[in-house]
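Following: one structure in structure tokens, then a few remarks.
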Amino acid sequence: METVESISLYYKPTWVVAAVCFVIILISLFAERGLNHLGKCLTHSNQDALFEALQKLKAELMLLGFISLLLNVFQGLISQICIPSHFESTMLPCKKHTEIKGHENYSPPAINNERHLLSEKSGNFSDHCSLQGKVPLLSTESFHELHILIFVVAIVHVVSCAVILVLGRARIRQWKPWEDSISTVPAGPAKVTHRHHLNNVLKKLAWGYWRRAAVISWIISFFKQFYSSVTMSEYIALREGFIMTNCLSHQEFDFHKDMVESLERDFRHVVGISWYQWLFAVVFLALNVEGWHTCFWLSFLPIVLLLLVGAKLEHIIVRLAQDVDVMKKHPGQESAWVRPSDEYFWFNRPRLLLDFIHFILFQNAFEIAFFFWILWTYGFHSCMMEKKGYIITRLIIG
């Protein structure tokens, strides 16, 4: 009883409570003011798509905070729900190591960062259920661990989204010299340049009997994503096709700037967390059973989808080149250009590829967050970490 009283707010100095509250509020205000300042900067620089992405990110953080709040509010009620003890012995992430000594069960020492406060508090709920010969549905300690998981998922998701945007912009920035080199060429010589680069694309991707075979073209597309996703010739050919198809009257159209704006619009979509991604997280937690190696096998899912999406995007370039090559063989079509179309995407839906990328980002972020959550909560040598070979493989894939 003395231990419980000593850890209650009844017996804590007021300056300690005030100091802790002050620090938490200060950190929260800094984060809130920082996001507002970032939003104002994006508005002043006319970055409307990024501003909407920031608003969506704030909404997701608010949702995570609301989930955490619900866990706090209902943890007492849920902890009083009792279930038969044999229900707690199925689908465990770790095996229970107990030895029977006389008529008592002996439990191993607690994990290195056990919260004695929560253990003492949850003891009342355990006694309530033990009187009925049952066990609590979820202990107070488990609620605290779920709070940590939500916090880690939020941090990793925000960081991964920011990293993806930075890497995407860095990739597109590499193509800026190509845009400058072609936009400064007069109309007459520009046509010759376009023809030259288009012929280079056709020579590499379309000419030859074997390249037209579906299997060969897919193999070429799969390996091409590793060493040269977009070459200068492909960029200029795609640029010409986009301008000729969508803005024929504006030959000086800044294709590079349009791609940057498209990246920002797409980022607005992938920064959120959809309902099916939350469903995946719940299924992931349910299947994290000892001996199933769920974390290890699911870590292959994002990289498989990533390679599939990358190969598909490369295959679209190959298809565009092959169709131009076919058109050029018809009379009067010698000056044919690349013609972008939705028909080159799965089910004529470009958005489907973006949905795949969205899922890849969340699933990978959740995998990394789950690893750091186990490391933080249970330690590196926890049974939930599994073997070192599994851990190293998951980290490399992530």
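Cβ atoms are placed via backbone N, Cα and C, with glycine included.
What TrEMBL records for this protein:
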type: TRANSMEM; residues: 12-31; note: transmembrane segment
type: TRANSMEM; residues: 61-83; note: transmembrane segment
type: TRANSMEM; residues: 146-167; note: transmembrane segment
type: TRANSMEM; residues: 209-227; note: transmembrane segment
type: TRANSMEM; residues: 267-287; note: transmembrane segment
type: TRANSMEM; residues: 294-313; note: transmembrane segment
type: TRANSMEM; residues: 356-378; note: transmembrane segment
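Highest Cβ pair count under 8 Å relative to the transmembrane segment (209-227), across stretches 61-83, 146-167, 267-287, 294-313, 356-378: 294-313. When each of 12-31, 146-167, 294-313, 356-378 is checked for Cβ pairs under 8 Å to the transmembrane segment (61-83), 146-167 comes out on top.
With respect to Cβ pairs under 8 Å, the transmembrane segment (146-167) is most closely packed against 356-378, considering the stretches 12-31, 294-313, 356-378.
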